[in-house]
């Protein structure tokens, strides 16, 4: 662990790592998009979306590209961390001048998703009664999140996106755009995402949510007034540790850590630990300083709800409604959303730019390969964006 990493963990974790009203705005822009009626019932009476933009918009808006983040991402595609922005840009090697999504050519819009905790309305936001929503924040689905993104597009005056791009949970949303709003994009990129959440994926999500709920400090979601160190950081960190095991591959963990000891102290007793355990601890602890526990629960519940075929005649029928030129990318070592998940999509969308095949990227990094393998991912995205549509 580096000195910089150690400094980032000094002090007790906050009750919630969410961006809160009054925090530095950083590069966020905000749009109020009104209320949203939810697929599972209920209504959020007022939704505000935090988003960032990159590049210049053409007068006719024809160069607008929507980029959708993964479960624990945010609107900060590129740029440094700083006050109000706990992490650096998560796709700085893909989005920017001269890069695959070239901001000298494209106007990129990146929103924080509904239910998130970096500026868009979610559990850490204030409800109409002036208190945090907490666990009162209603159950939401991928379709609800896309409805809010579509409302943002309306507010920005963007009728048709040049492309909608998403990876992981963002890829679920991008596919829902293609199925549910087929006339609103010309190109579509689905990276490391399925058309439907499997039983295996739902099971993984459920144990993460339970880890948070079993933390006594969770207090049924009513923890926002807790002092630093007294919030549900243990449960949230444990959920993050569970998730990391599916974000990375066995080969990478074995190559990086093998059976090495942390700090040279033998783990064959009560004092020492394996280095891989320390790695998980570090990332769990770090995560609690930038995320909210109830937001995490609501978002993984939304992932589990994902099924583009629900009430549409099944998955294959739903995929057949996609009209955009479509790129589907998978990672060969992905054990969260393995390549067969992407093959189902590629074979049934009519506009596949690869003849119904998946672009399979070889990577030791598992699911996170779509965030790390910039050269291969960038090459595929650039090809899609150069496709006439």
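Quick reminder: no glycine exception, Cβ is built from N, Cα and C everywhere.
Database features, via Swiss-Prot:
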type	residues	note
ACT_SITE	168	active site, nucleophile
ACT_SITE	334	active site
ACT_SITE	367	active site
BINDING	240, 368	substrate binding site
DOMAIN	63-371	domain 'AB hydrolase-1'
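Taking a C-beta cut-off of under 8 angstroms and a sequence separation of 6 or more, residue 334 (active site) has the following same-chain neighbours: 192, 249, 366, 367, 369. Fewest Cβ neighbours within 10 Å among the recorded positions 240, 367: this applies to 240. Less than 8 angstroms from the CB of residue 168 (active site, nucleophile) sit 70, 71, 191, 192, 193, 336, 337, 367, 370, each of them six or more residues away in the same chain. The Cβ of residue 368 (substrate binding site) lies under 8 Å from the Cβ of 247, 248, each of these being in the same chain and 6 or more residues away along the sequence. Each residue in the domain 'AB hydrolase-1' (63-371) has a pLDDT score, and their mean in this model is 96.
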